[in-house]
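Record features, source Swiss-Prot:
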- 1-26: signal peptide (SIGNAL)
- 27-119: domain 'UPAR/Ly6' (DOMAIN)
- Cys29-Cys53: disulfide bond (DISULFID)
- Cys32-Cys41: disulfide bond (DISULFID)
- Cys46-Cys74: disulfide bond (DISULFID)
- Cys78-Cys98: disulfide bond (DISULFID)
- Cys99-Cys104: disulfide bond (DISULFID)
- Gly112: GPI-anchor amidated glycine (LIPID)
Amino acid sequence: MDSCHTTKSCVLILLVVLLCAERAQGLECYNCLGVSLGIACKSITCPYPDAVCISQQVELIVDSQRRKVKNKLCFPFCPANLENMEILGTTVNVNTSCCKEDLCNAPFSTGGSTWTMTRVLLLNLGSVFLQTLL
């Protein structure tokens, strides 16, 4: 009976370690600044402990000519949207969205990171394994 209890404890500790592993690695976000809307961005690991991934659509208006670009980055906090801000004769509109999951600032849904899907799978397998030990 003591051996069974030890096995359960080891499995539980392993599951907790695996579930916490992703945060120890840091949040991953796509990162690019001022690129055209169709251009892909590379991913980076954020250096900030409580980071958010940011996706921005920026519209620049100069003499009635419009140009749209995107920014994707990680940041320590979520900045506010900017509407009709005048900078040196240029009107700037920035639509910002923030999220806290790995690679969540993609232009389309990625279905989650590999680590997130692995954690869900391990959690399900671990719970089944614990039920069989009980």
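If you go along the chain as it appears here, the first residue is 1 and each next one adds 1.
Any Cβ shown, glycine's included, is placed from N, Cα and C.
Along the domain 'UPAR/Ly6' (27-119), the predicted structure has mean pLDDT 88. Neighbour list (Cys41 (disulfide bond), Cβ cut-off 8 Å, at least 6 residues apart, same chain): Tyr30, Asn31, Cys32, Val35, Lys72.
Secondary structure by DSSP for the domain 'UPAR/Ly6' (27-119): 6 helix, 50 strand, 37 coil.
Of the candidate disulfide-bonded residues, Cys29, Cys46, Cys53, Cys74, Cys78, the one lying closest to Cys99 (disulfide bond) when CA atoms are compared is Cys53. Sequence-distant neighbours of Cys46 (disulfide bond) (same chain, 6+ apart, CB under 8 A from its CB) are Gly26, Leu27, Glu28, Cys29, Cys53, Cys74. The Cβ neighbour count for Cys53 (disulfide bond), using a 10 Å radius over every protein chain in view, is 26.
If you take the Cα of Cys104 (disulfide bond) and the Cα of Cys98 (disulfide bond), they are about 9 angstrom apart, rounded to a whole number.
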